[in-house]
Structures are given as structure tokens and as C-alpha cells.
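S.K.: Pulled the feature table from TrEMBL, pasting it below:
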DOMAIN    75-187  domain 'Phosphatidic acid phosphatase type 2/haloperoxidase'
TRANSMEM  55-74  transmembrane segment
TRANSMEM  80-98  transmembrane segment
TRANSMEM  118-136  transmembrane segment
TRANSMEM  142-164  transmembrane segment
TRANSMEM  169-191  transmembrane segment
Amino acid sequence: MGNDNGPKRQVPPYLRTILNFDVALTNKFCLLTEKVLPQVSQLHFKYLEYSCHRVPWFVLWVAFIILWDNASLYQIQANFLYGLLLDIIVVAVIKAIVRRRRPQTSDDMLLVFGSAKYSFPSGQASRALFIAHFFANVATDLHFLLDLTLLAWSVSVCVSRVLLKRHHVLDVIIGALLGVFESYLVSYFWLNQESSLWILSVFSS
């Protein structure tokens, strides 16, 4: 974990051992997967990357709020929105503090700026698990097949982050745990109908 622009920070020996193991594990995982699943192209992983990017999710959710003005949806709409914003802020702050370099720099990453250029934790993994856990935990009336689909999608997103060499294994694991924690946090500090209506009025005014 270092700074791209300034002098390298001193990393404690125990942490350096963990990071070195993480790098080795990431490389072995990528090599093994390429041997076992050679037919899976990078294009599949790119689609997964786009499917969990913060910008499309935020824009589409705001569009959903504007187009579906239904009182029964207000709490889910408002709480999911603030969960998305919470995830973006928390991940950005942690990345800015830790500043771990990505395994591989690439010019094909979508809308990468500021702290997003860093690796730890994986924002895609945190967002994917937040989304899957939020709907499984809150929208309990959803069909179980949809829950399974969201779970499969979230796991696929996490795996793709490593195989695209965007993140190390540890980045993804911590990101996924962070996403689940954020979902529980949103559930604990759940916005009631009145608060939700006040927030959503911003988009309807």
C-alpha cells in the first residue's frame, strides 16, 4: 500500500507479509482460472464490471424514483439510494487513506478518477454485495429465484474483479464484507415513510 505521487510509506513487516501473500494468491488464482476456464473471455468480465458500476446504478435508480411514484415503494427507494451513496463515500474515503495500488493499470476502466484509481477495498464488490443483501434482507417478498440471481451476479462480479486484475483477492473479500455491513447499517438506520417522502420530494419537485 503506497502513494503513487509521494514517497513510499513504511509498511509494517506483518502487513507486508499479508500483502505479499495476497499478491501471490491473486496471481495463482488468475493462472488457475485461465487454465480451467480458457473459453471465458475478458469481454464477459467487462460486462460484469459495467453492470455494477456506480454511475449506471445511481442514474437508473434516480430514474426509477422519478418514474414510479408509488407510496408503497418510497421507503425502499429512499433507503436504497442512501445505501448507494453511503457505499460510494465509504469506499472513496478508505481508498484515499489506504492508497493501495491496483495489480495492473489499464486504460479501459470506466470513469476512474480520484481515489477510484486505488485498489483497496473493491468498490464493485462492496456495491454488488450491498445490492444483493439489501434486496434479500429488505424486499423479502421477492421470488427466491431473483434472490439467487442477485447472489450469483454479485459473486460473479467479485470474481471478475480479480480476473480482470483490477483488484487483489483481499481487496475483494474486504469489499464484499463491507457491502454486507453497509446493508445491515441501512437496515438499522432505516428511514421511515415520512423521512423517505422528504428525501424523494427532491426528485419530484
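Glycine residues also receive a Cβ, built from the backbone N, Cα and C atoms like all the rest.
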S.K.: Using a Cβ-Cβ cut-off of under 8 Å, list the residues of the same chain that are 6+ residues beyond the ends of the transmembrane segment (142-164) and lie near it.
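M.R.: Same-chain contacts beyond the flanks: 26, 29-30, 33, 42, 44-46, 48-49, 51-52, 122, 124-125, 128-129, 131-132, 135-136, 171-172, 175-176.
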S.K.: Report the mean pLDDT of the predicted model across the domain 'Phosphatidic acid phosphatase type 2/haloperoxidase' (75-187), rounded to a whole number.
M.R.: 87
S.K.: In the domain 'Phosphatidic acid phosphatase type 2/haloperoxidase' (75-187), how many residues does DSSP put in helix, strand and coil?
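M.R.: Residue counts for the domain 'Phosphatidic acid phosphatase type 2/haloperoxidase' (75-187) by secondary structure: 82 helix, 0 strand, 31 coil.
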